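Asker: One structure, pasted below without further comment.
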Amino acid sequence: MKRRIAFCLLLLVCVLVYFKVLQADFLYYWDDQVIVMNQYTVGGWSWNNLWHICTDFHAGQYAPVMEMNFLTLYTFFGYNPFWFHLANLCWHLGGVCLTGLFIVELLKTHGCFSNKEIHLITFLTAFIFSIHPFNVESVAWVSAVKILIYSFFYLLAAICYLRYIKTMKEKDYLLTLFLFAVSFLAKEQAVTLPLLLILIDWFCHRNLKEKALWVEKLPFFILSLFFGIITILSQAGGGDAPVFPFGQRIVLACYTLFEYLTKSLFPIGLNYLYPFPILPEESLPVRFWIYPLLVICIISWLWVNRKNKLLLFGACFFVIHLLVALNIISTSRQAIVADRYSYMSNIGIIFLVVVMLVRLKSKWGNTYKWKGALVAFLMYSFYLGGYTYIYSTRWENTETVKLHINELLRERETEEKNQAQSESVESNY
């Protein structure tokens, strides 16, 4: 009973942090006028609308489940932004609940923590995830609801798979496959699910050398291949985007990965738009070559600690859900980083931070060290919640978003000029 009350309070805090979002308008000229207000939504539910939603590519994407979400809201409420923002918040709250359920099922199947520790890790992970500023874009921007919907069904699929591991019942397996398909029909990032299932198998002590384990993954990989083809076809009409040489893409992927990592741990200077730092015909500034070295150092550190399953699981969870956002494969995206693409990957980093905190509690007990760590965690949580509340107000309408973008881009331009001057001086020297 106490745990249920605590979780209800967690959801209440999440609502309070995001409350201002409910007063926001649509972001006209920032995709809402295309993604939300289109020929598939006007007129509400009809066989004609449903047919075109399921058979047409629109705005460089194929997301019929997302379009059905908009269609339902329009049918009952018209283009009233309050209800669209409320739906986004409800999807996020659902994702928070499923994150908690996923962590519970995962740790119980793994069997490395006591029941009390499992529930503590679950609560804290869900709490930090619920108020993390990196998720503001997905919640505050109506067009980004596809991230929330895909994550909802994606987490449901992962939970069903964990239950399948325990029961080996065919219905749990088929339900996982079905939820995988639904998740993709909201957002193409769902194609990474087969990799997550293998990661879960490894974490939950299944024998990866068993042929049957790989045979049961075949339908998922076949679906992923099929979904990948659909994604490529849909993005053919999504507009031109920078196409970099493969070598530069690798370096930029390392930069992108490190940006997501640092912003997950220390969210500072979040923005709607993170443009590519160079044009395809330009050479990479010297400072970008440090990122592959940093990634190599992190991989080496993980290899040294490869027996730590919790560490490797969190790290792999983080990377898996960013694979389609690292720009290694050229897509129609105009930005090198987007906050919304970190929604699922964020869970892996938060999970690691919370596990570390719980391990410190077991190690230090009720000492001053533990009290200091607890105070630091509370201050960190307060910072995240405060940042989320303030940042969400900047998504009030198109003008507030544009103003915030212009401020940050001016700051970035100044920093790049200073960096260029510094590199020029070093080169001359």
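Count begins at 1; order follows the chain as displayed.
Just so you know, glycine gets a Cβ as well, placed from its N, Cα and C.
What TrEMBL shows for this protein is this:
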| type | residues | note |
| --- | --- | --- |
| TRANSMEM | 82-106 | transmembrane segment |
| TRANSMEM | 118-134 | transmembrane segment |
| TRANSMEM | 140-162 | transmembrane segment |
| TRANSMEM | 174-200 | transmembrane segment |
| TRANSMEM | 220-238 | transmembrane segment |
| TRANSMEM | 250-274 | transmembrane segment |
| TRANSMEM | 286-304 | transmembrane segment |
| TRANSMEM | 311-329 | transmembrane segment |
| TRANSMEM | 341-360 | transmembrane segment |
| TRANSMEM | 372-390 | transmembrane segment |
Asker: At least three Cβ pairs under 8 Å linking the transmembrane segment (250-274) and the transmembrane segment (311-329), pairs spaced 6 or more in sequence?
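Answerer: Yes, the transmembrane segment (250-274) contacts the transmembrane segment (311-329).
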Asker: Out of 118-134, 220-238, 311-329, 372-390, which stretch touches the transmembrane segment (82-106) the most, going by CB pairs under 8 Å?
Answerer: 118-134
Asker: So which of 118-134, 220-238, 341-360 is most in touch with the transmembrane segment (311-329), counting Cβ pairs under 8 Å?
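Answerer: Between the candidates 118-134, 220-238, 341-360, the best contact partner of the transmembrane segment (311-329) is 341-360.
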